[in-house]
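K.L.:
Questions regarding the structure given below will be posed in turn.
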Number of protein chains: 2
Amino acid sequence: MVVGDFAHEREVVVIGGGPGGYHAAIRAAQLGKEVTIIENQKLGGVCLNESCVPSKLFANAAGKLDEARDMESFGIKGYEKVSFDINGLQERKNKVVHSLTQGVEALLKKNNIEKVQGTAFFISDTELGVENQDAFEKYKFEQVIIATGASFSAPENIPDNDDRILFGSSLYAMDETPEHLALYGSDYITLEAAAIFASFGSEITIILDQEKDSFSFDKTINKELLRLLKKRKIKVYKKTKMTDVTALKDGVHVTLISSNGELTIEASHLFVSSDKSANTSGLRLESCGVEVSANGFIPITNTTQTNKSHVYAVGDTTTSGSLAVEAIKQGKVAGEQAAGENSEWDPGLCPVVAHTVKPIAVVGLTEEEALQEGYNIRVSQFPLASNGYAALSNEKEGIVKVVSEKDTDVILGYHAIGCGSIEMISSAVQVLEMGGRIEDVIYPYYPHPSINEAWLEAAEGLLGKAVHG
Amino acid sequence: MVVGDFAHEREVVVIGGGPGGYHAAIRAAQLGKEVTIIENQKLGGVCLNESCVPSKLFANAAGKLDEARDMESFGIKGYEKVSFDINGLQERKNKVVHSLTQGVEALLKKNNIEKVQGTAFFISDTELGVENQDAFEKYKFEQVIIATGASFSAPENIPDNDDRILFGSSLYAMDETPEHLALYGSDYITLEAAAIFASFGSEITIILDQEKDSFSFDKTINKELLRLLKKRKIKVYKKTKMTDVTALKDGVHVTLISSNGELTIEASHLFVSSDKSANTSGLRLESCGVEVSANGFIPITNTTQTNKSHVYAVGDTTTSGSLAVEAIKQGKVAGEQAAGENSEWDPGLCPVVAHTVKPIAVVGLTEEEALQEGYNIRVSQFPLASNGYAALSNEKEGIVKVVSEKDTDVILGYHAIGCGSIEMISSAVQVLEMGGRIEDVIYPYYPHPSINEAWLEAAEGLLGKAVHG
């Protein structure tokens with residue numbers, strides 16, 4: 001390979017075609033920029049191809065199976081004969097992923113964005129090289145947006161060469177339903193996998209990582225979540241340390257130690273929720289002068305700029321994002337900035353969502369966080385069991401909790417588990433973003449009967465006014 | 001019956017235990033009032049016992065059946081053996097309705113509200129009589145809240161004594177699935193029944209009332225709705241006049257006339273969406289001096305006061321409400337007013353919701369209304385077919401449309417049909433209530449992938465910035 005002198009001259013180059021990258025590219029193009037996007041694998045990135053989309057598709061199938069099991073009480077008979085075949089679901093996943101990837105490709109075309117297949121690296125602070133097998137091209141850019149994502153790395157002492165020990169998104173590539181899936185973690189990825197494979201018929205064991213005694217939500221949500229996991233016979237090991245993982249011919253043995261002594265779980269598969277490293281090691285960032293932090297992550301400002309003002313970075317390749325939501329938001333900001341708009345992102349009010357036993361969606365401060373930050377607060381929780389729509393649809397599991405500041409009535413946090421939580425989170429995000437108060441939640445109309453009324457009544461509860469509370 | 005001199009003295013008396021009445025009673029009690037509620041039938045009123053709750057329960061079952069038919073593409077097999085039995089659903093309905101009624105009873109007790117069974121009528125502007133079979137009691141009140149609801153009345157020339165000709169909420173009391181259900185109407189009640197019984201296997205014919213050529217939503221929603229009805233083989237007769245209804249031994253013959261001539265539909269059942277009259281004729285309002293309008297409806301102020309300041313009226317017994325949503329809101333306002341709080345309701349931003357072929361939820365101005373009101377507008381629509389979550393969950397039918405004012409970017413209307421619309425409407429209501437602008441919809445984070453992103457992208461489309469548009 002010889003690096004020649006000729007360089008294609010481009011206004012904006014985006015490295016990486018995941019959600020952060022393609023949103024950045026399209027937004028910059030919408031605003032009149034000539035944009036080139038470079039991808040070395042598949043458009044849509046890990047999110048579309050391996051994690052966000054496949055996991056939600058699996059969660060959707062799990063929800064359908066759960067629903068099937070509840071149909072008899074609605075006069076729908078014959079469901080005891082329904083069976084599940086994971087290969088049928090994989091087929092659907094492949095189709096959907098393919099069609100969405102094609103969709104991204106079409107959007108790039110529609111926006112006149114040049115797509116270059118290959119692996120990019122910096123030659124200088126205005127030039128990139130792109131390798132694709134034997135081919136090499138040089139690109140001179142005015143501005144560049146780095147959106148190369150991050151990769152899960154196997155924790156120390158855990159074998160990473162056994163296909164029954166799973167990391168990152170390999171969970172949704174399996175062609176058989178695990179007999180007994182042990183999950184080491186406490187994040188939404190762990191919770192989604194637990195619920196999904198439990199619905200598919202797997203025995204599930206969750207081992208909370210870092211010797212935790214619960215999940216990371218508000219304590220009310222944690223309590224309801226633990227209750228629902230128990231009801232589904234999902235075992236949760238708290239305050240234990242995973243001391244050994246051994247891959248055997250017929251499964252994975254996981255040894256735990258707790259105050260009660262040592263215990264070995266004989267699972268068929270083990271998933272380990274692990275840390276990520278930024279995909280920046282091959283970028284030769286030093287040639288561009290872009291600074292990185294630990295594990296290769298790139299620090300950015302709220303305009304998504306790196307230490308070099310014409311170099312932007314977005315999503316989980318940065319120190320400021322691990323969710324696709326954040327990558328998308330930052331991608332748009334980077335695209336707007338590159339096109340000369342004065343645009344910013346704010347890390348504050350990003351909802352956290354988990355498609356688990358019942359959907360969880362939260363935004364803002366938990367009760368504990370609000371107290372730690374010194375707020376004088378009110379809290380109110382409303383159980384879906386007291387909501388009419390939940391009763392009629394047999395969706396009585398769950399709870400909506402609201403935290404407000406006592407003196408100002410400003411809503412500080414919204415925490416929900418149960419049917420409809422994810423769709424309803426946008427209402428809570430709106431209220432929090434607009435600095436809304438209890439009155440702003442109580443005054444509007446809510447359809448009747450609806451799950452939405454649980455949000456209304458949780459807010460009314462802050463004033464002791466929940467009618468069904 | 002002798003009207004004696006003794007009268008029970010009460011602070012607040014509520015006449016009617018439907019949603020408007022029991023919300024009024026509980027709210028007044030929460031604020032310290034001694035409250036008596038008088039009901040001559042069942043607590044929960046028509047809404048809980050016959051219409052809102054049963055219809056949503058039926059719609060929920062219909063949704064489950066539709067979902068069952070889509071399960072195979074998710075790897076779930078055996079659904080073809082699933083069957084539906086309306087009596088099983090009626091059993092569930094009876095259980096749920098009973099349990100919710102008991103719930104209201106328990107709430108009244110919890111709030112120390114006295115419940116009196118009987119039919120109330122005014123003796124003077126401070127006294128009520130209550131009859132219960134042979135018993136009679138007199139109540140002297142400081143304030144009274146009228147929440148007696150309204151009743152459907154059969155339109156002229158339509159037989160009202162045949163159990164295959166249905167009005168109001170008798171739709172959800174049937175113990176057999178109609179073979180061919182003709183529906184004369186265009187409101188949400190008609191649309192819900194059409195979708196429900198189509199899912200249950202009935203042939204469905206909709207005859208738009210008042211010779212309309214479409215439904216009453218924004219034209220974009222109407223178009224998508226008509227497309228979905230057609231796809232489900234639901235026939236819609238537009239611009240026709242129903243000239244005759246004849247009940248025969250084996251069905252109902254409905255004669256229509258249009259520009260194409262005369263046509264007779266041979267249906268097994270006919271539902272007629274009809275007007276309501278207020279349930280005020282037995283109240284002897286003249287003894288109290290309360291004024292009524294046509295069909296007995298009581299005009300109220302935005303404090304829910306009638307022409308007599310100590311007499312309140314709420315819900316569909318008034319000229320200002322036909323939805324349970326409104327009854328609930330007005331009920332709370334009446335309860336607060338009766339307890340001395342300065343509280344108001346506003347008719348403006350009440351969402352309209354229909355649990356039909358795909359859920360519909362709308363709030364604010366349609367495109368047509370905004371133009372008629374002289375606004376200079378932008379409109380944007382985003383199809384669920386372009387939403388990732390819709391793709392993975394096979395919920396690609398539907399659309400989100402947003403109307404904004406061009407100069408100020410203020411959001412004027414939100415119109416959605418499709419999965420999640422009803423849960424998401426609260427977000428749109430919030431934005432409209434707070435006078436939100438495009439920026440207020442675009443700035444927040446939306447979970448990814450989620451149906452919520454359709455709302456985001458519809459708003460981005462107003463600025464030509466929808467990424468997937």
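FYI, residue positions are counted from 1 along the chain as it appears here.
Glycine residues also receive a Cβ, built from the backbone N, Cα and C atoms like all the rest.
These numbers come from a predicted model, not from an experiment.
So TrEMBL says this about it:
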DOMAIN    B:11-331  domain 'FAD/NAD(P)-binding'
DISULFID  B:Cys47-B:Cys52  disulfide bond
BINDING   B:Lys56, B:Asp316  FAD binding site
BINDING   B:Gly185, B:Ser186, B:Asp187, B:Tyr188, B:Ile189, B:Thr190, B:Leu191, B:Glu192  NAD(+) binding site
DOMAIN    B:351-459  domain 'Pyridine nucleotide-disulphide oxidoreductase dimerisation'
ACT_SITE  B:His448  active site, proton acceptor
K.L.:
Say you check the Cα of B:Ile189 (NAD(+) binding site) against those of the recorded positions B:Lys56, B:Asp316, B:His448; which is nearest?
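P.N.:
In terms of Cα distance, B:Ile189 (NAD(+) binding site) lies closest to B:Lys56.
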K.L.:
Can you tell me the mean pLDDT for the domain 'Pyridine nucleotide-disulphide oxidoreductase dimerisation' (B:351-459)?
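P.N.:
Summarising the domain 'Pyridine nucleotide-disulphide oxidoreductase dimerisation' (B:351-459) by its mean pLDDT gives 97.
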K.L.:
Using an 8 Å cut-off from the Cβ centroid of B:Gly185, B:Ser186, B:Asp187, B:Tyr188, B:Ile189, B:Thr190, B:Leu191, B:Glu192, can you name the remaining same-chain residues around the NAD(+) site, in sequence order?
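P.N.:
So the additional residues around the site are B:Leu183, B:Ala193, B:Ala194, B:Ser273, B:Ala354, B:Thr356.
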K.L.:
Rounded to a whole number, how many Å is the Cα of B:Lys56 (FAD binding site) away from the Cα of B:Thr190 (NAD(+) binding site)?
P.N.:
13
K.L.:
When C-beta separations to chain A are restricted to under 8 angstroms, which of the recorded positions B:Cys52, B:Asp187, B:Thr190 qualify?
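P.N.:
Cβ contacts with A, in sequence order: B:Cys52.
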K.L.:
Taking the Cα atoms as reference points, how far is B:Tyr188 (NAD(+) binding site) from B:Cys52 (disulfide bond) in Å?
P.N.:
11
K.L.:
What is the three-state DSSP composition of the domain 'Pyridine nucleotide-disulphide oxidoreductase dimerisation' (B:351-459), stated as helix, strand and coil residue counts?
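P.N.:
Here the numbers are 40 helix, 33 strand, 36 coil.
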K.L.:
Taking the Cβ of B:Asp316 (FAD binding site) as reference, which residues of that chain separated by at least 6 in sequence fall under 8 Å from it?
P.N.:
B:Gly20, B:Gly149, B:Ala150, B:Lys276, B:Ala278, B:Ser322, B:Leu323, B:Glu326, B:Ala327
K.L.:
To the nearest whole angstrom, what is the C-alpha distance linking B:Thr190 (NAD(+) binding site) and B:Cys47 (disulfide bond)?
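P.N.:
B:Thr190 (NAD(+) binding site) to B:Cys47 (disulfide bond), Cα-Cα distance: 16 Å.
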K.L.:
How far is it from B:Leu191 (NAD(+) binding site) to B:His448 (active site, proton acceptor), counting Cα to Cα, in Å?
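P.N.:
Here the two Cα atoms are 31 Å apart.
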K.L.:
So of all those recorded positions, B:Cys47, B:Cys52, B:His448, which one's Cα sits nearest to B:Glu192 (NAD(+) binding site)?
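P.N.:
Nearest candidate: B:Cys52.
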K.L.:
Quick check: of the recorded positions listed here (B:Gly185, B:Ser186, B:Asp187, B:His448), which one has the Cα closest to that of B:Cys47 (disulfide bond)?
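P.N.:
When the Cα distances are compared, B:Asp187 comes out closest.
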K.L.:
Applying a 10 Å Cβ distance cut-off over all chains shown, what neighbour count does B:Ile189 (NAD(+) binding site) have?
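P.N.:
Result for B:Ile189 (NAD(+) binding site): 20 neighbouring Cβ atoms inside 10 Å.
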K.L.:
Measuring Cα to Cα, tell me the gap between B:Gly185 (NAD(+) binding site) and B:Cys52 (disulfide bond) in whole angstrom.
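P.N.:
B:Cys52 (disulfide bond) has its Cα 17 Å from the Cα of B:Gly185 (NAD(+) binding site).
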K.L.:
For B:Cys52 (disulfide bond) and B:Asp187 (NAD(+) binding site), what Cα-Cα distance in Å is obtained after rounding to a whole number?
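P.N.:
Spelling it out, the Cα of B:Cys52 (disulfide bond) and the Cα of B:Asp187 (NAD(+) binding site) are 14 Å apart.
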